[in-house]
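Contents: one structure, followed by commentary.
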């Protein structure tokens, strides 16, 4: 599998340029250090940031670059727009790691894994987890207001009641076998809401 991925990466790099190689190496190193080495990133307070940024922001940046490399400009206004566009996924992905660490808080203490929950405590961590879920929705609305997202992404309100229900379930009980999946469901439904908005925008553009 690694060999196939490497070959695909080399082929794409030849097609679109070296920036893809450097971004790929960065993501590979984060993935390697996330679970490996003497002190894995996942065992530190930076696990959420690493997973959210790599899978939320970097994958989005790579996708934009591959599809527009002929005209892509490495300047801050564009990079900040990409960051804003990727930020809801960044938050939801990071929150999956956060929920996992909340559920594993007792076990992590026994194994001397000092995640961010170790420093915050479980109750404050659950509160912040909820705040971050709300922030993801707010970021969608901000992106719409600024013009980074089309207005059709207001479709994020469609799965919102279900997402709020999952937040309440996790707030009530943080048991890995029962409620960790709530954070996964929030990511899936939030992403589906965004996809629905983009689909509506695409269909409208196609018909007009």
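Backbone N, Cα and C define each Cβ position, glycine as well.
What TrEMBL lists as transmembrane segment is 6-34, 46-66, 78-103, 115-132, 138-163, 184-204.
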Range from 6-34, 78-103, 138-163 with the greatest count of C-beta pairs under 8 A to the transmembrane segment (184-204): 138-163
Spatial neighbours of the transmembrane segment (78-103) far in sequence, C-beta under 8 Å, 6+ residues away: 42, 47-49, 51-53, 55-57, 59-61, 64, 72, 115-117, 122, 125-126, 128-129, 132-133, 135-137, 139-140, 142-143, 146, 148-149, 170, 174-176, 179-180, 182-184, 186-187, 190-191, 194
